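Asker: The structure's right below; bear with me while I get my questions together.
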Amino acid sequence: MKIFNEKFSILLLMMPIIAFCDSHRTYDGYKVYEVTLGTQNDVNFLKSLTEVDDDDSFDFWSLQSTVGSVSTVMVKPDRQNWFEKSLANRNIQYRVSIMDLENVINEERQYQLKMKSIHWGRSMNSDEMRFDRYYEHDEINKYLDSLASSHKNVEVKVIGKSYEGRDIKVIKITNGDGIEKKNSIFIDAGIHAREWIAPATALYVVQQLLNDESMAKILNILDIVVNPVVNPDGYQYTHKKERLWRKTRSKNIPGCVGTDGNRNFDFHWGEVGASPIPCMETYRGNKAFSEKETQALRDAVGEIKDTCKFYLTLHSYGNYMLYPWGYTSKLPDTWKDLDDIAQIGASAIKNATGTTYTVGSSTNVLYAAAGGSDDYMFAVFNVPISITMELPGGGQNGFDMPASKIDETVHESSIGIFAMIQAVGQKYN
């Protein structure tokens, strides 16, 4: 019996390792380039690669639109020689920031494996949500359910099913006063699967709202709804198969899977910055709201659109506070209201930690991208404040914020988030 128990214990310890070691996509030989955009022609050249490439030879992690900025792009091994020659011929400055991406991904993978083994068997509850690793989708849903069980003023509900059948959940946090038509805000994260720090930040905000007594004044004037993982299929796929997957997992044409959820909303859908090519990272879908995930998000915000004063969508990376429009460089009539709130968030972070955020409309300070959720909520649902927060990057590739930095990053980000929430609450109270 003793021998059996020892073997069984070893098996239990090995289970997360066995589960984690599925076949992963390899990034052997992939390089990551940082390209300095010295002229408008440089900007145009990089942009042209997003329009003609249909096999993801070039994966732009950060595509800037302003002269003097730096764009980051991952390039497949068989296109690197052409890419470097093309840059040299145009006198475009660049440096290789990662020589072999697989080494970086594998290091993160091994750390996740180690931490999951340490946490194996622990129940998910508010006291044990530790921000020392990235949680998988089922763990996040279990955590939300545990909060609903342990807090009387918390409601968790399923707002839809993903393409592969996963529950998409939101958590609603109130002070229990039962006031109808109370002003509300909606926060989401994880519409782009590989941006792991975004769901982590959303979960930290939830935890602070429930555990920090100073948050009571916020809940006195606002109900808060949070959707930590908009795209659960893609998010889970990044944990198990392909770390840098971005899109949903719906089927398109043979060999091409997924749609960019943040190009799939029905406001100027299919226009600038949204690709019609199914294999592209920014594929818009075959129609607006083709994705179950974007339908679920639309419907969830739609339920509270009459009371929703602030829509905040969390992304990474780049340290930006962005507001409409994403489809044009023109500014909305109420742009000053948007800018004021975004500046409050950026200033709060700057004053607390020294970290700088760039503030402005999406098209003017980053790039044009039609069909985004922030434009839709602002224009169609008339949510007066709609902001995309591009969280800090980390590690070597931007998306792999080291687990040792998660707690620091989510705390810093929450400073800006809560500053914006308080400002919105006061503005519309």
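Note that Cβ sites are derived from N, Cα and C of the backbone, with glycine treated the same way.
Curation does not apply to TrEMBL; its annotations are automatic.
Feature list, courtesy of TrEMBL:
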type	residues	note
ACT_SITE	GLU390	active site, proton donor/acceptor
DOMAIN	133-424	domain 'Peptidase M14'
SIGNAL	1-23	signal peptide
Asker: Are there any residues at least 6 positions away along the chain from GLU390 (active site, proton donor/acceptor) with a Cβ closer than 8 Å to its Cβ? List them or say none.
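Answerer: Same-chain residues close to GLU390 (active site, proton donor/acceptor) (Cβ under 8 Å, separated by 6 or more) are HIS315, SER316, TYR317, GLY318, ASN319, TYR320, MET321, LEU322, LEU366.
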Asker: Summarise the model confidence on the domain 'Peptidase M14' (133-424) as a single mean pLDDT, whole number.
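Answerer: Mean pLDDT for the domain 'Peptidase M14' (133-424): 95.
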Asker: Check the residue listed as 'active site, proton donor/acceptor' against DSSP and tell me helix, strand or coil, would you?
Answerer: strand
